[in-house]
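Copied from TrEMBL, the annotated features are:
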DOMAIN    97-268  domain 'Yip1'
TRANSMEM  116-137  transmembrane segment
TRANSMEM  157-179  transmembrane segment
TRANSMEM  191-209  transmembrane segment
TRANSMEM  221-243  transmembrane segment
TRANSMEM  255-276  transmembrane segment
Amino acid sequence: TMASPDDLKFQEFEEATDLLLADPGASTLSMSGSSSTALAGATGDIKLDMSDDEGQEESSELLRGEKQTSGFWTFEYYQSFFNVDTMQVLDRVKGSVMPLPGRNFIKHTLQPSPDLYGPFWICVTLVISLAISGNLSTFPNSLGSAHYHYRPQFHRVTIAAVVIFLYAWLVPLGVWGFLTWRQREERQQSGYSFLETVCVYGYSLFIYIPTSVLWILPFEWLRWLLILVAMVISGSVLVLTFWPVVRDDTKVTAFATVATIVVLHALLSIGCKMYFFQTATPTLNHTAAILTNKTH
């Protein structure tokens with residue numbers, strides 16, 4: 001019969017006792033020490049392996065935590081929209097003022113990381129330039145007139161802010177919603193996200209910042225020429241961006257969508273010119289006429 005482990009251990013102990021009795025000066029080797037050492041080494045290896053596994057699990061948990069998307073109520077959620085450097089913003093501004101045929105602004109310039117940093121500051125700068133340039137535009141027209149009294153119109157800042165930011169947010173929202181609905185109806189491939197739509201509209205407004213500054217010059221023909229140039233440049237960015245998305249739709253829907261985008265963009269530029277850069281000459285002439293009649 002096969003001996004049990006207990007019997008083997010007892011026999012080893014008994015043989016060792018007989019040897020010690022026969023030769024007391026013989027050297028002995030303790031198996032318990034080596035066994036304990038081996039056991040301790042094995043235990044240490046197990047502990048090291050377990051610690052390595054725990055470290056890998058912790059690192060994988062950290063990686064998963066980094067990839068998780070934060071909620072829209074957190075600061076980290078909106079921080080990702082402003083994660084852009086200066087060179088990227090300058091490159092996107094350059095692309096918005098130099099539209100090239102066949103070059104999609106979103107696919108060639110914005111993707112894969114559209115931002116809100118550039119559009120936000122473009123809108124803020126345009127609001128300030130419209131308000132200040134609109135106030136300063138009355139000086140050249142009334143230069144040398146003794147009846148002119150300058151009155152700063154601070155309410156134009158509020159009006160400019162409402163108009164620009166509503167256009168930069170509501171119009172892209174409408175365009176994005178309509179294109180999303182049409183793609184589902186026609187079972188087409190997915191188009192642009194809402195963030196990309198807002199981004200291209202924001203950058204398309206950059207050309208109006210230098211244009212609004214040049215509107216200070218008291219030449220009406222020059223102002224209308226500048227409007228035409230700005231509308232062609234910014235409108236081309238929008239058309240070249242959205243036409244590839246709508247061209248697979250029906251011809252009526254495609255042309256109506258692009259025409260609506262261009263008309264709304266033209267109404268913004270013409271409306272800003274008509275409101276913020278009104279010619280003061282008729283008012284001055286009317287005031288001078290009243291004063292002349294009173295003297296007579």
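Including glycine, each Cβ sits where the backbone N, Cα and C put it.
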Next on the checklist: Looking at the domain 'Yip1' (97-268) alone, can you tell me the average pLDDT?
Outcome noted: 86
Checklist outcome for this item: Other same-chain positions with a Cβ less than 8 Å from the transmembrane segment (157-179) and lying at least 6 residues past its termini are 119, 123, 126-128, 130-131, 134, 191-194, 197-198, 200-202, 205, 242, 245-246, 257, 261, 264, 268, 271-272, 275-276
